[in-house]
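Student: Taken from Swiss-Prot, the feature GTP binding site applies to 21, 22, 23, 24, 25, 26, 139, 140, 141, 142. The domain 'tr-type G' annotation in Swiss-Prot covers 9-192.
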């Protein structure tokens with residue numbers, strides 16, 4: 001039975017897109033309060049939807065969150081509003097694109113004190129591509145430093161709308177929120193009434209429940225889903241029974257039926273986390289749809305790093321923890337690997353540095369894992385002399401120089417929005433990081449948008465932090481992948497007493513190799529503790545040593561018991577000590593502390 005049109009016409013599915021820290025989670029709190037989904041007394045913390053400790057601490061949204069609200073309009077009609085709260089950081093744009101596919105409208109939130117930022121523009125383009133109705137909202141209008149007129153002009157230049165269409169709110173104080181609710185009803189289109197078609201539902205998120213297995217969050221695009229239906233997942237053709245379906249209103253609320261236009265959840269005893277692929281389409285097993293929903297792209301990791309347990313007995317625990325994390329995080333990719341220095345571990349693929357930090361912190365907090373992380377790398381393409389192409393995501397897999405014809409590395413196109421005063425500083429940073437400057441657009445008299453192309457390897461380290469510090473916090477950035485280009489890259493090895501430490505190897509541009517080698521040896525000298533024998537730290541390209549530092553041995557004063565006496569007696573004791581140290585050096589292994597692996601990340605400090 002197709003659902004009646006009036007019901008579908010009363011549904012509004014929308015999301016909030018904004019740059020990090022522009023107040024979207026606070027605005028979501030006000031909407032929840034206005035629709036009586038929660039009252040103030042239940043809000044034990046600000047940002048109700050950011051329920052991970054990490055999200056609150058860092059002040060960012062990491063996971064997509066869906067919540068259903070009931071709202072009675074000024075005209076007295078009842079509406080169902082489904083809000084999908086999305087992340088705003090560079091690394092999490094895949095979460096945004098999936099959430100957008102489940103909506104018809106988007107609130108574009110811009111901070112009245114900051115103006116349009118790089119991530120705002122990136123997410124806005126994603127929303128326009130998805131064909132969403134955009135409602136621009138200027139937030140924080142009650143702050144003394146707000147510049148509402150200036151920001152309104154930026155938004156008009158960006159999406160070419162009338163000034164009257166821009167709403168002004170203060171999410172914290174609740175100003176302008178009632179008008180915003182009415183605008184959502186009036187301007188966001190209702191979902192298409194496709195209840196008569198075969199079932200197609202888009203999975204936009206999933207979480208792991210220890211008792212129920214995978215809980216899948218989905219948006220019903222076509223057809224009807226009933227409790228007890230047999231459903232099939234397009235990606236792997238597996239069939240499950242819909243044990244429980246329902247909607248999310250802060251807590252799960254079971255229902256018998258989900259109809260076209262609804263946003264809800266599905267529990268069907270999915271044991272293996274890999275069966276609930278985010279972005280996949282769910283259909284009926286007995287009367288399936290012909291093709292899956294369009295628009296989902298497979299997520300490709302951009303940054304790779306090795307994660308190793310400090311205690312090698314915890315390898316299986318680490319595997320389990322990563323498996324559970326990867327259900328909640330569709331973009332985390334991992335494969336087992338071994339390292340001579342660190343033993344058994346995993347090579348993990350991440351979307352960016354923030355994503356990597358968050359996974360590490362979640363492993364440590366939620367799963368009590370003690371882990372060592374190696375230097376982040378990107379994926380290189382190596383063309384061999386025999387015509388073969390090898391993908392290298394780990395410096396230890398880099399083939400011998402004699403067998404390489406050329407090496408290609410991934411490049412990204414980046415836009416940086418900043419105050420005009422900092423153009424010089426940013427140009428200098430761009431030159432340091434092998435960036436290619438393209439052009440500059442003036443957004444208004446004070447703010448500019450600069451376009452660069454960078455090798456991805458140059459921005460995965462500390463580029464974001466450096467950009468913030470040279471622009472006194474004003475600059476914001478966003479980047480997208482544009483393909484591979486040939487580069488003159490070499491593998492830089494670190495040797496301790498002539499033995500290479502594979503976990504400290506890095507791939508760098510030839511022009512920077514000497515400088516890196518010198519800095520790295522100096523840094524390691526300060527970190528590796530003194531041994532009973534001398535330790536030589538060397539940086540090498542192939543068989544050529546380009547830099548060296550020596551950690552002198554700790555030595556006991558063997559002459560302390562000689563009060564005066566014959567010089568030959570003293571010499572004999574010193575020679576004996578030397579012999580002992582030489583023997584130690586042959587059998588001794590230098591313990592490399594965790595800080596040494598992190599030293600490469602902040603080599604310029």
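Keep in mind that glycine also has a Cβ here, set from the backbone N, Cα and C atoms.
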Student: In the three-state scheme derived from DSSP, which category covers residue 25 (GTP binding site)?
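Tutor: Its secondary structure by DSSP: helix.
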Student: Let me know the DSSP-derived helix, strand or coil state of residue 141 (GTP binding site), please.
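Tutor: Once the DSSP labels are grouped into three classes, residue 141 (GTP binding site) ends up as coil.
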Student: Restricting to the record's GTP-binding residues (21, 22, 23, 24, 25, 26, 139, 140, 141, 142), give me the longest CA-CA distance in Å as a whole number.
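Tutor: Looking at 21, 22, 23, 24, 25, 26, 139, 140, 141, 142 as a set, their Cα atoms extend up to 17 Å apart.
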Student: Neighbour count, 10 Å Cβ-Cβ cut-off, for residue 21 (GTP binding site): what number do you get?
Tutor: 15
Student: Return the residue, from the listed binding-site residues 23, 25, 139, 141, with the maximum count of other C-beta atoms within 10 angstroms of its C-beta.
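Tutor: Top count of Cβ atoms within 10 Å goes to 139.
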Student: For the domain 'tr-type G' (9-192), what's the model's average pLDDT?
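Tutor: So the average pLDDT across the domain 'tr-type G' (9-192) works out to 77.
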